Amino acid sequence: PEGMALAYGSLVLMALLPIFFGALRSVSCAKSKNSSEMPETITSRDAARFPIVASCTLLGLYLFFKIFSQEYINLLLSMYFFVLGILALSHTISPMMNRFFPANFPNKQYQLLFTQGSGESKEEIVNYEFDTKDLVCLALSSVVGVWYLLRKHWIANNLFGLAFSLNGVELLHLNNVSTGCILLGGLFIYDVFWVFGTNVMVTVAKSFEAPIKLVFPQDLLEKGLDADNFAMLGLGDIVIPGIFIALLLRFDISLKKNTHTYFYTSFVAYIFGLGLTIFIMHIFKHAQPALLYLVPACIGFPLLVALAKGEVTEMFSYESSAEILPHTPRLTHFPTVSGSPASLADSMQQKLSCPRRRRQQSPSAM
């Protein structure tokens, strides 16, 4: 019992960390002017198609495991997630590692530019800017990646899983509450069907050797770090409710009341839903679809608060993608240019030749 309590308690804590910090970082990410950090917005059409795409992917993986050798499939997937995990972990630890670098650290800037075509038809495909500190974070993440690739240790798996979850909550944005309800409702049906209706979900989860789930050993107190009886939680049960909770945090900020009522309500609702999932699983001794309990809690609790405060209309009319972020210049009028190149050059010379006349203006005019 002590080992089970430690395992499930650790899973709950690990699930809360990427949701909390990912939601906070999603706010700063929405205000970022860096094109490489711009979030990916999920529309209502994307939300409606998501359960269908996820079902096809899940069924495809199930058939692959049934037809082909499990060893070769997991080797291919391990290499794929090895690269993705290193990049995700490097992006996650970069803000934290910046505090440990000394002020006199020789930090050089680099740019990775990949273009297509030439001349006026040249188009940027990849334009990524990084510095020496990012390279150090990438090296540290590579050590974890090699550890995971060679040992498949559960700690390395969880480091990659937490990085994937944090990046998912940070960089995936819902545009409004209605879209969030469509996404969570569709995945609610998806999760219930594939867990209770078939053995596909459980089979893939147990056969898939990739950091797509958080695991924690229930026999850690008996066998130490070599424990092998794991409790697991899928990353989808973290990221999907997490992006909805992050949306409610941005809604709280848009109200400008200096309170995070909806964020904390949904956060507590997530803890309640996850705890109820573990309790039901312990009672019935069967794997449970976590979204069966998380979706009603994460949608129902904030909706009850909105009903009590009379802010249901404001909640469903809030549009995250339509926000005008502070200090962001917006071009509303485009100047028209006409005339020959010679006349344009003459007009530019006339403007440049009289700078002193402009300096004689009063301070108020300036």
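Heads up, the Cβ atoms here are built off N, Cα and C, so glycines get one too.
Per TrEMBL, the feature transmembrane segment maps to 6-27, 47-65, 71-89, 177-196, 230-249, 261-284, 290-308.
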Per Cβ pairs under 8 Å, the stretch of 6-27, 71-89, 177-196, 230-249, 261-284 packing most closely against the transmembrane segment (290-308): 261-284
Tertiary contacts of the transmembrane segment (47-65) (same chain, 6+ residues out, Cβ under 8 Å): 73, 174, 179-180, 182-183, 186-187, 189-190, 194, 200-201, 203-204, 207-208, 236
Paired segments the transmembrane segment (230-249) and the transmembrane segment (71-89) in contact, 3+ CB pairs under 8 A: no
Leading contact stretch, 6-27, 71-89, 177-196 vs the transmembrane segment (261-284) - CB distance under 8 Å: 6-27
